[in-house]
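Reading through the structure tokens given below for one structure.
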Amino acid sequence: MKVLVPIKRVIDYNVKARVKSDNSDVDLSNVKMAINPFCEIAVEEAVRLKEAGTATEVVVVSIGDKACQEQLRTALALGADRAIQIETDQKLESLHVAKLLAKLVEQESPELVILGKQTIDADNNQTGQMLAALTKRGQATFASKVVIENGKAVVTREVDGGLQTVAVNLPAIVTTDLRLNEPRYASLPNIMKAKRKPLDVVAADSLGVDLSPRVTLVRVEEPAKRQGGIVVESVSELVEKLKNEAKVIS
Amino acid sequence: MKILVIADHDNGALKPETSKVVNAASKIGTDISVLVAGHNVGSIVEAAASIAGVSNVLVADNAVYETQLAENISELVLSIAEGYTHILASASTTGKNMLPRVAALLDKSQISEIIAVVDENTFKRPIYAGNAIATVQSNESVKLLTVRASAFDLQGTQAPAATSVVGTVVDNATTQFVSIEQTESERPELTAAPVVISGGRGMQNGENFKLLEGIADKLGAAIGASRAAVDAGFVPNDMQVGQTGKIVAPNLYIAVGISGAIQHLAGMKDSKVIVAINKDPDAPIFQVADYGLVADLFDVLPELEKAL
């Protein structure tokens, strides 16, 4: 079984994003970048499926400029077999990404595509679902457990109020939630080996997808700042303030 | 402008989020229809029809919609989408699962988790874990939007609007429901509670979360948790507040033993009043707290319960 894992290069999750002074966007110059944490979980799951003998090949793909090759190499060091970069300088919407990935799914015909549930930059939570619609495949989003058996992916999903389990016929689309697994670290020998693994570059234009923007980013601003608070000395003072000053309890 | 709101329910009751999504819809236009898809949804339909501003409820009552699989609901929405300029759903796990599938079937870009309506084409939404607010303008003929319910008020009620039945029944060949494991709780729903008290890694174990229960009962509060507490197995993951968990904006949020990582703040910093109880005076949570108490939570919690 071939597994395709799309990954995204994003701001490191520990870095607090700063808004540019002209309010045009978030400032990403000289900011530490990394694999989106949910994508890392997706890579880990694919590699575990390979180690369990369920998957035969793990292909990672990223869409972006040359810089995203760094994240593809990291994924190769984590155990992916080969990488594909879909090259574009353009800022893409989830629908564009899903359409490009759908073309790749057509070419590679993986039986399982594992994506992160959302990227921590745009916070959209759309691409996996859109890819499932475009490829007419079943979807299992927010997965915290994936079992492949009898031609199906049996997936436990994290939903409001509890856990839901669905069975999706392969080929299927799965998106990862945080608790699916704990990603491993790349070892130095594996980082060295990853440099020799194949990484193909495909021009986004060559895939015949209309990438013209549908949504315009008008402005980006800082969220309203909270007023500075006070430190109280005791529980009784806290309760008194909540009752009489903030009036949030009675 | 013709607006379709997809009702959020658990096939037992209508979720309050639906009323808040209708509130968001009412800032776009006045012709608002609500789609209720489920099985044996009589009381849910009634509740939806009674939300102020709803002009019409569309009912798709069939066993195939009972578990609200995205594959079925998205085809249903596609079959009735003609003529609508806006299609809205709550940014709950159900809405997030289904709406992007609808968007792709309609070949439209979606805008996720809007927190404000600027005009019929323009919306505000948080990005980068809420560290920036983007104003975005959709150029699509149909706008698909998920709505962050905590950013909108509950709508009032009205004499029930008319209902009509949607005939289409779509069952998919790819995905089957297997089971659901619901977390039992008698407390208010986390996303709708007026008061939330949350525990973090500082709680040390799941047993100690009992210390929060007495306080929660006295305040009518829901109990939440940070990711650290969930990952450590103290409590189930549907209690998680944060960028990847639930987004809450109660009147009062009490953070106990939570350091205040960016990802947690993303889920609660729009609360009206924030209280932090932490023994580390340098914990980042104190930067957003209105009232901070630097103390050991094991000393303070029993005292707080008594004082209320």
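Cβ from N, Cα, C; glycine included.
A TrEMBL annotation is a machine prediction, not a hand-curated record.
Taken from TrEMBL, the feature domain 'Electron transfer flavoprotein alpha/beta-subunit N-terminal' applies to B:3-181. Sequence annotations record features per position, and here TrEMBL assigns FAD binding site to B:Arg201, B:226-227, B:240-244, B:257-264, B:Asn278.
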Per the under 8 Å Cβ criterion, the binding-site residues B:Arg201, B:Gln243, B:Ile258, B:His264 that neighbour chain A are B:Gln243
Within the same chain, the residues at least 6 apart in sequence whose Cβ is under 8 angstroms from that of B:His264 (FAD binding site) are B:Gly200, B:Ser226, B:Arg227, B:Val241, B:Gly242, B:Gln243, B:Ile258
Once DSSP output is merged into helix, strand and coil, B:Gln240 (FAD binding site) belongs to strand
Out of the binding-site residues B:Gln240, B:Gln243, the residue with the smallest number of other Cβ atoms within 10 Å is B:Gln243
Of the binding-site residues listed (B:Ile258, B:Ala261), the greatest number of other CB atoms within 10 A surrounds the CB of B:Ile258
Long-range Cβ list for B:Arg201 (FAD binding site), cut-off under 8 Å, min separation 6+ in sequence, same chain only, gives B:Ser226, B:Ala228, B:Ala229, B:Ala232, B:Gly257, B:Ile258, B:Ser259
